[in-house]
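> Here it is, the structure, as structure tokens.
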Amino acid sequence: MSGLGKSVFLVLSVTQFILGMLGNGFIVLVNGSSWFKNKTVSLSDVIITNLALSRIVLLWILLVDGVLMVFFSKVHEEGTVMEIIDIFWTFTNHLSIWLATCLSVLYCLKIASFSHPTFLWFKWRVSRVVVQMILGALLLSCASAMSLVREFKINSILSGIAGTGNVTEHFRKKRNDYKVAHVLGTLWNLPPLIVSLASYFLLIFSLGRHTQQMKHSGTSSRDLSTEAHQRAIKIIVSFLFLFLLYFLAFLITSSSYFIPETEMVKRVGEVVTMFYPASHSFVIILGNSKLKQMFTEMLCCEPGYLKPGFKRPFAP
């Protein structure tokens, strides 16, 4: 890649890194100071704060990966350093995705309204269900990282055989199978995507039913519950859109296993990948009443711009 291309890549990466650190750092600062001040913290704040922390780590990993890609290409292509970065990235990436999914489920169970016994069972035990999801997310993230360690061991053995020059057709098939398995590792991302989609559709159906009930009763459809539905839907839709973009970028980057001379493809994928953890933090800030209030006060430089302790009912 030309010097201009490297410069553009670095500028885009650093810009997204700074924006992501500001957004996620703001979330951690506000929720952390609120916890120290009030000595209590809600489940949604716990998820949002840990989500922001995981994305801060993820942004650092992506920045280091981008710097290695530009200035130390040989180290980036092979070596123990990249294996360590890949393992940490895999764990943090999956944990971040699952935490965002847990947030979607929490909003759905707290805001949506259905009379089905199964939904009511989950709704009445929402805290337990979400906490168990978080613990499951930790286990799945560890499992995905461990599977990557196993892949690296297999790749090391295959590379050793290739170095001896004793390459057979069976070996080539095994190596191709390894590459396919590595790309199929993206399937780890399908379960949280499906769960988030389910949460989104349940909220849509719940909003539709609620709107119909408001019309039949002759009351305005612009009530607090409707607004809560709409805010939660916007947050989940933004997550799904950015996650699909992120997933596509990861697939593009993974294609480098099969396509030669893909340095440009890798860098484009890297930039798009960084966009997800950098931008979604601002969507969460604007969709959360407490964070939005603090963010507005900070921008307006007026501490009393909004009343202290203001919080809309049902607000995500």
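These residue numbers are counts, starting from 1, taken along the chain as shown.
From the backbone N, Cα and C atoms, a Cβ is placed for every residue, glycine too.
Pasting the feature list from TrEMBL:
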type	residues	note
TRANSMEM	6-30	transmembrane segment
DOMAIN	23-284	domain 'G-protein coupled receptors family 1 profile'
TRANSMEM	51-72	transmembrane segment
TRANSMEM	87-109	transmembrane segment
TRANSMEM	129-149	transmembrane segment
TRANSMEM	193-211	transmembrane segment
TRANSMEM	232-259	transmembrane segment
TRANSMEM	271-289	transmembrane segment
> Can the transmembrane segment (129-149) be said to touch the transmembrane segment (193-211) if we require at least 3 CB pairs below 8 Å and skip pairs under 6 apart in sequence?
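Since fewer than 3 Cβ pairs under 8 Å link them, the transmembrane segment (129-149) and the transmembrane segment (193-211) do not come into contact.
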> What same-chain residues lie close to the transmembrane segment (193-211): Cβ under 8 Å, and 6 or more beyond its ends?
100-101, 104-105, 107-108, 111-114, 119, 221, 225-226, 229-230, 232-233, 236-237, 239-240, 243-244, 247
> Excluding the flanking five residues on each side, which residues at least 6 beyond the ends of the transmembrane segment (87-109) place their CB within less than 8 Å of a CB in that stretch?
43-44, 47-48, 50-51, 54-55, 57-58, 61-62, 65, 122-123, 126, 129-130, 133-134, 136-138, 140-142, 144-145, 148-149, 152, 188-189, 192, 195-196, 199-200, 202-203, 232, 235-236, 239, 243, 277, 280, 316
